Amino acid sequence: MLTVLLLIPLIGVIGIILGCSNERQSRQVALLVSLANFALSLVLWGEYDGNCSHFQFVQDWSSVTFCHFIIGLDGISLFFVLLTTFIIPTCILGTPNLTSNQSGNISAVKSFLISLLVIETLLIALFVVLDLLLFYICFESVLIPLFLMIGIWSHSQHKVRASFMLFLYTLFGSLFMLLSFIALYMSIGSTDYQLIATSCIQPEIQKILWLGIFLALAIKTPLVPFHIWLPLAHTEAPLAGSMLLAGVILKMATYGYLRILLPLFPEASSYYTPLVYTLCTISIIYTSLSTLRQINLKSIIAYASISHMAIATMGVFSNNVQGIEGSILLSVAHGLASPALFISVGVLYDRWHTLILPYYRGLTSTMPLFSLLFFIFCLANMAVPLTANFLGEFLSFAGAYQRNPFITILASSSVVLTAAYTIWTYNRVCLGSPSRYLYPCLDISRREFFLLLPFLLLIFVLGIVPFVILDSLHFSVSSLIYSKISPFQAVPMPVEGSP
């Protein structure tokens, strides 16, 4: 079934190339296959056994491929796959005027939709492959269509600079990941994930290999000081590119921490945890303060994303059930709230063609429904109770507190700082008297409302009923923590009735 999940977008690519002669047909094919993939991922979730910690739906295609091609799904990868298959159709629905944006060039429209489907295939493959070489190939290959999406299909002035900065930053870090994987292969003789997970790697070797892989993932997260590429990429990217970046692509790093660094290099992860926590705390405080100085709406959301992903990273390296489950829940919640904010900003850009914050004021009088939805998504960004973001941050901080109380208290200042820049942004855009720079426009359209509605519902459903996710995660997370005996001792789970 996982193979079908990988093949459906590729079938859509072939259909767009061979059978579509206009934008409407191309969009219909792309939307149909992306929705089919989302439906199939929901079927996988329904058939997934949350009481098992091992990989499920495993398929071995090594006999018919040139490499060790094995795919499988566990509780950790399941929700990243679901998030990917949910975001792609919303990206297609969120870009309704592709032909006009590309001056009537149907080839450019088809290429844009093909890029989205190729990205979907590569992201799903990254989350399900059980081979480090294939993980690296997918990790790098996502850059190519994303590079084209920003460099070609954006209309911003600095789009080429942004696309090259994205490409070179992540490529530079990934080279060190490749070197670490090569060294691991020469040491063990295989890139099979399950074989490496059962192998014993010397602690000193772990520390060296860990650094190479962490550098690539820290750039992708991104953590300070490797974050420079993200605000520019978000600002210059088209709406679909920004949604993909915030919704899924940043989660590749979280998944890499969980799938590679923690289980394969436990001693090194223990050794470098203070370094990771220091970088995360600096990232949280620095980017939260930097957000207060931004005047571009996309830049504000981009800097907020850095802060939230740093909190998720702290949860990962807490190496306890609370922290890791919180980091995954926060990653999913951020993958819903941030794309919704980008869609909201896109609504404003479609009407007034500017992202500069000082131009906006008093939209509650002319766009009351938009102002209400934007307010709700701002609350989610602030991680207020009843939202999935709140539970994700709470569990991440609770897990991190067990590992390092002092630095977690410093990092928790993000609660106040996030509220400061989020309330300030909403106040500047929606409250006050209407701006004299803005001509009157209609409120949010029916299409835009129904595009935002699934994000709204999921944010609150997962915030009120988080066990929808946590029940499927628990056994996989527990297996991740307790499967190896090492100096990287996990914080023990509380026993009911213990003093």
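Backbone N, Cα and C atoms are what each Cβ position is placed from, and that goes for glycine too.
Annotated features in TrEMBL:
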- 131-418: domain 'NADH:quinone oxidoreductase/Mrp antiporter transmembrane' (DOMAIN)
- 29-48: transmembrane segment (TRANSMEM)
- 68-95: transmembrane segment (TRANSMEM)
- 107-127: transmembrane segment (TRANSMEM)
- 133-154: transmembrane segment (TRANSMEM)
- 166-188: transmembrane segment (TRANSMEM)
- 208-230: transmembrane segment (TRANSMEM)
- 237-258: transmembrane segment (TRANSMEM)
- 270-289: transmembrane segment (TRANSMEM)
- 301-321: transmembrane segment (TRANSMEM)
- 327-349: transmembrane segment (TRANSMEM)
- 406-427: transmembrane segment (TRANSMEM)
- 448-470: transmembrane segment (TRANSMEM)
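Contact check: the transmembrane segment (68-95) against the transmembrane segment (270-289) gives fewer than three Cβ pairs closer than 8 Å, residues 6 or more apart, which falls short of the contact criterion. Pairs of Cβ atoms less than 8 Å apart link the transmembrane segment (301-321) most often to 237-258, out of 133-154, 237-258, 448-470. Counted over residue pairs 6 or more apart, the CB atoms of the transmembrane segment (406-427) and the transmembrane segment (270-289) come under 8 Å in at least three pairs, which marks the two as touching. When each of 133-154, 166-188, 208-230, 327-349 is checked for Cβ pairs under 8 Å to the transmembrane segment (270-289), 208-230 comes out on top. The transmembrane segment (133-154) makes no contact with the transmembrane segment (327-349): fewer than 3 of their CB pairs lie within 8 A, with pairs spaced 6 or more apart in sequence. When each of the listed stretches 166-188, 208-230, 327-349 is scored by C-beta pairs under 8 angstroms to the transmembrane segment (237-258), 327-349 comes out highest.
Counting Cβ pairs under 8 Å that are 6 or more residues apart, the transmembrane segment (208-230) and the transmembrane segment (166-188) reach 3 or more and are in contact.
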